[in-house]
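Visitor: As listed in TrEMBL for this protein:
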- 8-383: domain 'Amino acid transporter transmembrane' (DOMAIN)
- 12-31: transmembrane segment (TRANSMEM)
- 37-60: transmembrane segment (TRANSMEM)
- 81-103: transmembrane segment (TRANSMEM)
- 123-140: transmembrane segment (TRANSMEM)
- 152-170: transmembrane segment (TRANSMEM)
- 201-226: transmembrane segment (TRANSMEM)
- 238-262: transmembrane segment (TRANSMEM)
- 282-303: transmembrane segment (TRANSMEM)
- 324-343: transmembrane segment (TRANSMEM)
- 349-373: transmembrane segment (TRANSMEM)
- 450-470: transmembrane segment (TRANSMEM)
Amino acid sequence: MTNTNKQIYQTVFTLLTSMIGQPLVSAAFVVNQLGWVLTLSAYIITILFNGFILKYFIDLAHYTQSSSYREMAEKILSKRLSIVLEICIIIIYFGVETIILIIASQSLIGFLQNVFDYSANSYAVKAILAVCIIFPLCLLKSLKQLSKVASVASMAIFITVISIMVYFFLHVGNGVLCTHQSGQITFNLPKWPKTNVLKSILYFVMYLPVLQSNFVSHTMLPNLCFELQGEPVVRKKILLKSFFIALSISFAMILAVALMGAAMFGDDIQDNILSAFKPCKWVWADTMSLLYAFVLIILYPLILYPVKISIINLAKKDPSSKQGYKIMIIISISYISLSTGLAMGLESIIIILGLILSMAGILFLFVYPLLFYMKYPQIKEKNIKLDQIQSDDSSQLENLIENMSNSTSIIIDDDKEKLNFQSVIFQETEVKQKKIKDLTKIKLSRKVSVWLAISICVIIGIVSLTMNILDAIA
């Protein structure tokens, strides 16, 4: 295996781990709410938007040579807007951490009940997980070993996807997933929402940010583009290829889980598909759920770590100092306390995800990438040299040609030299003027289309936030 292919393989796996995470477990619930027709339409819109906008996103990470999403925002937009983005990321990660705690507690409770016939208290389980497991992990100064474990343990996500597909094909023939004390879980895949047209449209808009979150890789892409080996243009090509491979695989896997999961459970589906298996009392399903919870708990401190670094950097402190470490402990305590409190008060994964994404997620997933797209021509023009592969041989050849050109120019007649020089200057001026006119037209059309798209995204955010608040109250 060549070095390039090895990097592509590793990058695809890293991106897949990022894309297929917490939103995976709620994908089937969305299908049950919207019906498969609207869900498929929403996924197609999402995948097309991601494929289009993140291609430019990767290009800009390459042209700006940024190592983070925030650094990109600072270089392309402004420092103030980069700080706003950082706050959005902190809020989104808070929602993710809360969802991790909910999924982990539900998995552990289901395992204890089905395997050991013990009914654990939901509040107690969340508190024990937060205080006894998550908090000590967050105190680790070095997360290298934890990262290695997480990279291997992330295979549990793919095992979960495969297991759901296997369960589907094993039971689709008789149309019954399992029989339990209260009845049986029968197959039923709704085509349309079970409500009127207006509510169907509102729910469609409400779930768009949630579906968009299935393919989140914005924070990873700049870092990967910066850290891959090779010339800048080679790194960009590797990342582009890896991204589209990962996007295609994740789309296929998430769609399979969404449609098969919704069909298997019918009206018995829950916003956490792993909890929906609970009435069946299958040992493998419970073990799979517990394994998934184990992976998420390991991911908790790994997700929280960059948030702590960001807050410390905003406070202009050194993370490696004693004072910096104390601040990190305070941040960990605050974050864990708040996420545990929210998890105890609101157990719906889909509502928490919807609330967070309809506020901070609109900026993170839609507005900033669109603003980047608007600035793309100027950034590319300034840094176009990064698209060239530099080498010692090419540099020597350029120097040789330049020296030969200088030597030859001495022999040229003065009058002829002046005439040629004026002609070249005139031609260059014409080309530059044409480029400026074309660039101005592109800028104007991009600005109009981008601001129109941003307006639509803001409307989506407002509708989604309103609907999620109403669902939370209900």
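Cβ atoms are placed via backbone N, Cα and C, with glycine included.
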Visitor: Does the transmembrane segment (152-170) reach the transmembrane segment (282-303), going by 3 or more CB pairs under 8 Å (6 or more apart in sequence)?
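Guide: By the criterion, they touch.
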Visitor: Where among 12-31, 37-60, 123-140, 282-303, 324-343 do we find the most Cβ pairs under 8 Å to the transmembrane segment (238-262)?
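Guide: Ranking 12-31, 37-60, 123-140, 282-303, 324-343 by Cβ pairs under 8 Å to the transmembrane segment (238-262) puts 12-31 first.
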Visitor: Flag the pair the transmembrane segment (324-343) / the transmembrane segment (81-103) as in contact if three or more Cβ pairs fall under 8 Å (sequence separation 6 or more).
Guide: yes
Visitor: Would you say the transmembrane segment (37-60) and the transmembrane segment (450-470) are touching, if the rule is that at least three C-beta pairs must lie under 8 angstroms and be 6 or more residues apart?
Guide: no
Visitor: So, taking each listed stretch (12-31, 123-140, 201-226, 282-303) in turn and counting its Cβ pairs to the transmembrane segment (349-373) that are under 8 angstroms, which one gives the highest count?
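Guide: Ranked by Cβ pairs under 8 Å, first place goes to 201-226.
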Visitor: What parts of the chain pack near the transmembrane segment (12-31), using Cβ distances under 8 Å and only residues at least 6 beyond its ends?
Guide: 39, 96, 99-100, 103, 151, 154, 157-158, 160-161, 189-190, 207, 210-211, 213-217, 220, 224, 242-243, 245-247, 249-250, 253-254, 257-262, 264-265, 269-274, 276, 292, 296, 299, 349-350, 353
Visitor: Counting Cβ pairs closer than 8 Å, which of 37-60, 123-140, 201-226 has the most of them with the transmembrane segment (282-303)?
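Guide: Between the stretches 37-60, 123-140, 201-226, 123-140 has the largest tally.
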Visitor: Within the same chain, where does the transmembrane segment (123-140) have neighbours whose Cβ lies under 8 angstroms from its own Cβ atoms, ignoring anything closer than 6 residues to its ends? I mean 6 or more beyond.
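Guide: Residues 101-102, 104-105, 108-109, 146, 297-298, 300-301, 304, 329, 332-333, 336-337, 339-340, 343-344 contact the transmembrane segment (123-140) from elsewhere in the chain.
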